[in-house]
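*Asks:* Next up is a structure, given as structure tokens.
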Amino acid sequence: MYGDVVHYNCISTHSDYDWCSLDRKFQGRWRYCTGQDPPVCIFPFSFRNKLFRKCTKEGYILNRSWCSLTNDYDKDRKWKQCSPH
């Protein structure tokens, strides 16, 4: 929890790089996130005024599935490619 918001992934609030708290409720102890911290899809998420409850290929020109890393892709623009499995 940072401020009054519960986060389930690394955040970039007040930072140029993603970080996470070392305590359940932020008490000043933190670390930068690394490539070893897998980003997690957030469902449902909104994209182009539609709600998605699973990975989608909509809007991805390479015909691959993707998901948002926040509940509002249009606002936050954070995403990842979904696993093919």
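Each position is counted from 1, following the chain as shown.
Cβ coordinates are placed from backbone N, Cα and C, and glycine is handled just like the others.
The annotation domain 'Fibronectin type-II' is assigned in TrEMBL to 36-84. If you look up TrEMBL, you'll see Cys41-Cys67, Cys55-Cys82 marked as disulfide bond.
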*Asks:* CB neighbours of Cys82 (disulfide bond) within 10 A?
*Replies:* 16
*Asks:* In whole Å, how far is Cys55 (disulfide bond) from Cys41 (disulfide bond) when you measure between their Cα atoms?
*Replies:* 8
*Asks:* Looking only at C-alpha atoms, tell me how far Cys82 (disulfide bond) is from Cys67 (disulfide bond), rounded to the nearest Å.
*Replies:* 6
*Asks:* DSSP-wise, what's the residue breakdown of the domain 'Fibronectin type-II' (36-84) into helix, strand and coil?
*Replies:* 4 helix, 14 strand, 31 coil
*Asks:* Using the alpha carbons only, what distance in Å do you get between Cys67 (disulfide bond) and Cys55 (disulfide bond) once rounded?
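*Replies:* Cys55 (disulfide bond) has its Cα 5 Å from the Cα of Cys67 (disulfide bond).
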